[in-house]
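Here is what TrEMBL says about this protein:
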REGION    467-565  region 'Disordered'
COMPBIAS  474-489  compositional bias 'Acidic residues'
COMPBIAS  522-553  compositional bias 'Basic residues'
DNA_BIND  559-627  DNA-binding region
DOMAIN    559-627  domain 'HMG box'
COMPBIAS  595-633  compositional bias 'Basic and acidic residues'
REGION    595-739  region 'Disordered'
COMPBIAS  656-666  compositional bias 'Low complexity'
COMPBIAS  699-709  compositional bias 'Basic residues'
COMPBIAS  725-739  compositional bias 'Acidic residues'
Amino acid sequence: MSSGDTLEFDQIYQENKGAMYDGRLRISKQGIVFKNNKTGKVDNLSGTDLNLTHWFRVARGYELKVGLKSGAVFKYDGFKESDFDKLSDFINKNYKMRLEEKELSVKGWNWGTAKFKGPLLSFDIDNMSAFEIPLGNVSHCATSKNEVALEFHQNDDADVSLMEMRFYVPPNQDNPEIDPVQAFHDNVMDKADIIQATGDAICIFKELQCLTPRGRYDVRIYPTFLHLHGKTFDYKLPYTTVLRLFLLPHKDQRQMFFVVSLDPPIKQGQTRYHFLILQFSKEEDMTLELSLSEEDCADKFEGKLQKEMSGPVYEIVSRVMKSMVNRKITVPGSFKGNSGTSAVSCSHKAGAGFLYPLERGFIYVHKPPIHLRFDEISCVNFARGVASNRTFDFEIETKSGTTYTFSSIEKEEYGKLFDFTTNKKLRVKNRGKNLLNQLKDSVNYDEDMMGSDDDAQHDAYMERVKAEAAAGISDDDDSSDDEEEDVDFNPDGSGSDIAEEYDSNASISSSDDDEEDEEKKERKKKKLEKAKNKPAKRRKTSDGGRKRKKRQKKDPNAPKKSMTAFMLWLNATRSDLRKENPDASIGEIGKIAGEKWRAMGPSDKEEWEQKAKEDKERYKIAMEEYQAKKEEEGSSEGEESDQAEKKSKKTKSSRPKSSPTKSPSKAGAGANYKSKEYITSDSDSDSSNSDSDSEKEKKPKKKGKKAKKKSEDEEEEPIASTPPESEESADDDDDDEDD
C-alpha cells in the first residue's frame with residue numbers, strides 16, 4: 001500500500017541469527033519503521049541517520065539493505081521486482097539518496113578477502129560480496145597458528161543454525177612483524193557480542209528472589225548489561241535483549257511481580273527462559289546509593305535517577321531498570337476482577353498462576369509465563385469447566401493457530417472477563433451461548449450449609465426420598481426373593497401351593513378337604529396381614545442401581561450430639577440475622593452468618609469455643625452412660641430370650657402325636673419312590689394300601705426357602721406323603737423318624 005507520504009509493505013522478513021521474522025514495513029518522510037509480528041518489537045530508523053541503501057537479488061525475491069551512520073545495518077527481504085521503482089523514487093525524493101543495485105558473488109569459491117565494514121564481516125570474491133556475518137552474532141573467538149574460529153549465538157526459532165566458522169589466514173609476506181591472525185581476532189572482538197564484566201557495577205541488589213530461573217540471585221547493574229550472580233549459575237543480559245518490563249501486583253496484595261521479557265532468552269543447557277520474573281514483598285524497604293556522581297545522574301539519565309534513593313525494593317528496582325533499558329513499564333489497566341484485584345486465578349496445563357488482562361494484551365504468571373498481545377489474538381472462547389460446574393475455561397487462539405487454555409477460573413469472574421473482551425473488541429467464539437446463565441443454574445452449594453432449625457440431624461436419605469416422590473417415583477409392592485410365593489402346577493393343570501408330582505389319586509375324605517380349605521384360608525389371611533404390616537420396598541433406580549436399604553431408626557434415648565462453636569453462636573444469633581435480612585433464604589442466611597463468623601476476632605470467638613468444649617465433654621459423659629445402660633439391657637434381654645427358648649422346646653417335646661408320621665420323600669431317593677402311572681395301576685389290586693394312606697397324615701412337599709419358612713412359622717400338619725411299597729418300608733421309615 002502506498003500514498004504520497006508513506007509506503008507500507010506486508011509480509012516483509014527480517015533476519016535475526018538465522019531465523020526469518022515476518023512483519024510490516026512502513027517508510028515515511030520521518031524514517032523507516034518495522035514491526036515484528038511475533039515479538040511485537042518495533043525498529044525505528046530515523047531518516048536523518050540513514051547512510052546507505054542497497055538493493056539485492058536474494059532467494060526470497062529482493063532485499064533492501066539499510067545502513068546507519070552509527071554503522072548498524074538492517075536487512076529486509078520479501079520485496080518484489082516491481083517495488084524497486086517505488087522505493088527508488090521515494091528514497092531519492094525524501095532522503096536525498098540513491099538506491100544502489102548490488103550483485104552477490106555466486107561463484108561458490110572458498111578463497112577470498114575478509115573485509116571489516118563496521119559491525120559486518122564481508123567475505124568478497126572478485127570485489128563482489130559472497131556473504132556477510134554480523135559480528136554481533138559472535139559469541140566466542142579463538143585463534144591458533146594460522147586459523148581463527150568463530151562461534152555464534154543460537155536462535156531457538158531457527159530451523160538450521162550456524163554453529164561455528166573457521167578462517168585460514170595466511171602469513172603477511174610484506175610485513176612479517178604484523179600478525180594477521182591477531183589483527184583478525186582484534187577486529188572481531190571489537191564488535192562481537194561478548195560480554196565481559198569489567199569495571200564496577202552502578203549498583204547491586206543482594207539476594208533477590210527469582211521465580212524464573214528459580215533461585216536467589218545478586219543482581220548487578222552495569223552500563224550496558226545486567227548480571228545475575230547465583231550460587232550455581234551466572235547470566236549476563238544485554239539491555240538490547242530486553243523487550244518489555246511489567247510490574248504486576250500479586251492477588252494477595254502483599255507481593256509484587258517484576259517481569260522482564262527477553263529476546264533472545266536466557267539459556268541454561270537445553271532450557272530457555274524468555275521471561276525473568278522477580279518477586280518482592282511490599283513491606284520490604286531499602287536504601288540504595290549509586291556509584292555515579294550527581295552530574296552523571298543528571299546528564300545520562302535526565303534526572304530520572306538520584307544518587308541516593310530509598311523506598312520499597314520493588315519500586316527502586318523498577319526505576320533503575322526503566323532508566324537503564326529506556327523502556328516503559330507496563331502495569332495493569334482498568335480491569336478489576338470479582339475480588340477487586342487485577343489478577344484472575346487460573347491454571348495452565350499443570351501449573352497454577354494468575355492471568356492479568358492488560359490494556360494491550362494478556363500476561364500469565366508464572367509457570368510458564370505467557371504474554372499474548374491483542375494484535376496476535378484471533379479469537380477467545382469461554383467453555384464450561386470439565387471438573388466442576390463452579391468454574392469455566394478461558395481459551396485464547398492466536399493467528400498462528402496456537403491455542404492457550406486457562407482453566408479452573410471461578411464462575412464469578414465470567415461477567416468481568418466477558419465485558420473486558422467485548423470492550424477490547426476481541427472476537428468471542430461462542431457469543432451466542434449464554435454461559436453465565438448455565439453457570440448460575442449449577443448446584444448452589446451455599447444452600448447446603450444450613451439445615452433446619454430442628455435439633456435432629458439432617459436426613460439426607462429422607463431428602464432424597466422427597467425429591468424422588470416429587471418427581472413421580474412410587475414405591476414398589478414386590479416382595480423380596482426370600483418371601484416370594486412358589487406356585488407349582490398340578491397334573492391336571494390347576495395351580496396349588498403344594499407340589500403334587502408324586503401324589504397318588506387316592507380318595508380323600510370330605511372332612512380332610514374341609515380342614516385343608518380352612519388351613520388355606522388361614523394361611524392367606526396371615527399373608528395379607530404380613531403384607532399390610534411390612535413396609536413397601538423400593539424399586540430399582542432408573543440407572544440400574546441396587547435397591548436401597550432401610551434406614552436404621554434413630555434411638556430416641558440416645559444423647560444429643562455436641563455442637564461446634566459456630567453452630568452455638570448461630571443458634572443464639574439466628575433470630576437477629578432473620579430480622580436484619582427478612583427476605584433472605586436459609587442458604588443466604590447461612591452464607592451471611594459464615595461471613596460474620598470469619599470476620600470475628602479470636603477474642604469474640606473465645607466464649608463460644610469454651611461453650612463448645614463444655615458441650616463436647618457433656619456429650620462424652622452422656623454417651624458413656626448411654627452405652628453402659630445399653631449393655632445392661634442387652635444382657636437382661638439375652639437371659640429372657642434364653643429362658644423363652646428353653647420353654648418353647650419343652651412344650652414341643654411334650655406335644656402328643658395324633659398318628660404315626662413318615663419322613664417326607666425326597667426326589668432321587670431310589671426304591672422308596674414310584675411313578676404315578678405305577679401307583680395308579682396298582683390301586684385296584686392293592687386297595688388296602690391306598691386306604692391306609694388316606695388315614696395317615698399327609699406331609700406337603702415345599703419348594704424353596706418360602707416353603708421351609710412356612711413350616712417353621714405356622715407349624716402345619718403334613719397332608720401328603722409318598723405311598724410306601726410295602727409294610728416293611730413303612731415300618732423302616734417309622735423307625736428312622738423315631739431315631
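Here the Cβ of each residue, glycine as well, is placed from N, Cα and C on the backbone.
Among residues of the same chain six or more beyond the compositional bias 'Basic and acidic residues' (595-633), those with a C-beta under 8 A of the stretch's C-beta atoms are 557-566, 568-570.
Averaged over the domain 'HMG box' (559-627), the predicted model reaches a pLDDT of 87. Taking DSSP states H, G and I as helix and E and B as strand, the compositional bias 'Basic and acidic residues' (595-633) has 37 helix, 0 strand, 2 coil.
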